[in-house]
Amino acid sequence: MQLPISQYNELLQKKLEKLTALLHPFNAPDIQVFDSPTSHYRMRAEFRIWHEQDDFYHIMFDQATLQRYRVDEFPIASMLINRMMQTLLPLLKQQEVLHKKLFQIDYLSTLSNKIIVSLLYHKTLTEEWESAAKNLKDLLEKQDFDVQIIGRASKQKICFEQDYVDEVLPVNGRNYVYRQVENSFTQPNATVNCKMLEWAIDCTQNSEGDLLELYCGNGNFSIALAQNFRKVLATEIAKPSVAAAQFNIAENKVDNLQIIRMSAEEFTQAMNGVRAFNRLKGIDLKSYECNTIFVDPPRAGLDPDTVKLVQNYDRILYISCNPHTLCDNLVELSKTHRIEKAALFDQFPYTDHMESGLWLIRK
């Protein structure tokens, strides 16, 4: 697989032109552009495994033709993932219990040089598999991999030490530690993620009052932004993400950030006094003066009720993975807020995907 590296700048310029045109009706200022490394930028990858007689290998599917193709190296993924791909398969081939009915391998790597390898099977994992997988882990560690091996099958998950890795992200000269849990969302392009955090910190400099973040994941943004606010309140519904966020808060010595496990809808009910929640015992919502809100919605954008909720705040930091639904939301948001800053983050080079950020201020 070869990347069109020589065309990178031209492709990024086309994205900028598209985003500029989409934001033009909303009087957006000039868009800041944050580029990506041109190869080995993706920190996670998933591959199906294709078995052919006595051989097997990584495959992917062409999105246009749906035809499978063999993948022996993957320049999109981190150098660590590529090294693991080439080391792992020969070791798996030595043990039938490790490769029989293996149908997928997921890799999650970090800038801190740690990696999780998840092996997915169409069979029950036995003690024989466990013994072989432990031996596999030992062999990889002897080749200088800091690796966690996880086995997955129907209603089964086996891990030997832990199901997470601790990433270290350099942001504005400071290292932030982020626990990343296997099979949970993490930002795929670590270098661009660092640039997103630096941009968000820059936008919110000299902020007054408190910050609310909806669906904070492992605390990626709220931990870095806490330095700019008196207090930060963040919501998240996934238990593993909440646990990782709590670890990250402690590890980064952030003392003004509170995570609560509830949906945006539940939080709105609690904030408006519509109903009480046991999960909020010991948390005085009235003590928060949140006049800034951070949202990073899925591709569908914000639903109409959340748009109304967001409009109650003086300042909105909006990270979008879909500029079209962002513009749908801006039809309403632009009635109450103006765009102060706009950014394009090239999370996914060589694709049409555009990650963008807006800093909106009440008119």
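Keep in mind that glycine also has a Cβ here, set from the backbone N, Cα and C atoms.
What Swiss-Prot records for the S-adenosyl-L-methionine site is Q187, Y215, N220, D296, and among E161, E167, E236 the residue it adds there is E236. Look at the recorded positions E236, D296, E355 and count other Cβ atoms within 10 Å of each Cβ; D296 has the fewest.
With respect to their backbone Cα atoms, Q187 (S-adenosyl-L-methionine binding site) and C321 (active site, nucleophile) stand 11 Å from each other. In terms of C-alpha distance, the listed recorded positions Y215, N220, E236, D296, C321 place C321 closest to E355 (active site, proton acceptor). A distance of 19 Å separates the Cα atom of E236 (S-adenosyl-L-methionine binding site) from that of C321 (active site, nucleophile).
Neighbours of the S-adenosyl-L-methionine site: apart from Q187, Y215, N220, E236, D296, residues of the same chain with C-beta atoms within 8 angstroms of the site's C-beta centroid are F185, E213, C216, G217, N218, G219, F221, S241. Cα distances from C321 (active site, nucleophile) to the binding-site residues Y215, N220, D296 are smallest for D296.
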